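Here the structure comes first, spelled out in structure tokens, and everything after it is commentary.
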Amino acid sequence: MDALVEDDICILNHEKAHKRDTVTPVSIYSGDESVASHFALVTAYEDIKKRLKDSEKENSLLKKRIRFLEEKLIARFEEETSSVGREQVNKAYHAYREVCIDRDNLKSKLDKMNKDNSESLKVLNEQLQSKEVELLQLRTEVETQQVMRNLNPPSSNWEVEKLSCDLKIHGLEQELELMRKECSDLKIELQKAKQTDPYQEDNLKSRDLQKLSISSDNMQHAYWELKREMSNLHLVTQVQAELLRKLKTSTAIKKACAPVGCSEDLGRDSTKLHLMNFTATYTRHPPLLPNGKALCHTTSSPLPGDVKVLSEKAILQSWTDNERSIPNDGTCFQEHSSYGRNSLEDNSWVFPSPPKSSETAFGETKTKTLPLPNLPPLHYLDQHNQNCLYKN
């Protein structure tokens with residue numbers, strides 16, 4: 001556009017200079033024709049001037065507009081380029097930051113994994129070492145066992161043990177079968193008892209209570225007799241110990257020079273020892289009812305309490321090999337005041353308290369226990385033992 005404007009201006013300037021240079025020719029024509037042509041030229045010239053001026057104005061306006069648009073475009077381009085660059089820079093910075101964070105996290109994870117691997121390697125090495133030691137120990141044990149087996153031929157003890165174990169298992173199986181049979185029998189009896197009348201149940205309960213009271217009384221009586229037997233044995237052992245002490249201390253020379261009184265004392269002691277062989281026998285007394293009458297049973301079949309008493313009597317009679325019966329002169333054993341204390345103030349002979357009738361009820365309801373029969377005075381054997389000890 002500038003080039004076009006410059007060309008127009010140059011044309012105008014050239015025309016002006018040409019006009020100045022040209023000399024008006026002498027009119028060859030007549031006056032009317034020259035005037036008309038001159039007027040046409042002037043009008044054409046003026047039109048051309050007007051057009052040139054208008055074109056110059058348009059050119060200036062266009063230049064201004066072009067400059068404004070150029071500035072606007074440049075500003076827009078700069079803004080676009082600056083915004084895009086900032087966004088890209090921000091994106092790149094964020095990406096770089098994320099990459100750095102990931103790198104740090106991966107480094108920390110790698111360090112942890114390295115530490116864990118090192119610790120696990122240490123633990124595995126220790127375990128391997130311990131296992132190797134155990135293997136060495138086991139190998140040595142196996143080698144020693146092989147050597148022992150080579151030296152000593154294998155015995156048949158394991159066969160004997162196997163047979164004994166089989167016998168035990170067989171016996172236990174038989175016992176289990178018996179217990180099952182007993183359990184089934186008891187269940188059948190229980191069902192039958194449930195089907196019976198309540199009156200019969202009351203009778204059975206009363207009989208059970210009477211049996212329990214009888215067994216408790218018999219047990220107490222057996223306990224006191226056992227206590228007396230133990231006291232007699234204690235006295236006999238003391239006399240024997242004294243005799244042995246005398247025999248050890250006395251030498252053969254003293255025995256030769258000893259007076260007649262010493263031999264008499266030894267004879268007396270030996271007679272005392274013969275007297276000590278008497279033991280207490282167990283006599284079962286029927287318990288008394290609250291009305292003072294003795295309890296008697298019409299049936300001839302023995303009660304479970306009687307069987308228990310017989311077993312207790314057998315245990316008591318096993319204390320001595322040659323048991324003699326004490327003459328039945330109407331007197332029975334009675335608890336002496338000295339039996340509550342330790343015999344001869346010896347702490348090693350302390351007897352436990354007798355079982356109570358309430359404790360032998362085996363979880364039954366508390367009932368009124370039958371009173372024990374009054375025991376007669378002490379037998380002459382206990383008094384004889386005490387007299388012997390007093391003299392010694």
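Placed from the backbone N, Cα and C atoms, the Cβ positions cover glycine too.
Residues 40-76 are the range that Swiss-Prot records as coiled coil, among 3-39, 40-76. When SER301, SER353 are looked up in Swiss-Prot, the one carrying the note phosphoserine is SER353; the rest have no such note there, which does not rule it out for them.
Model confidence over the region 'Interaction with TBK1 and IKBKE' (216-257) stands at 80, taken as the mean pLDDT rounded to a whole number.
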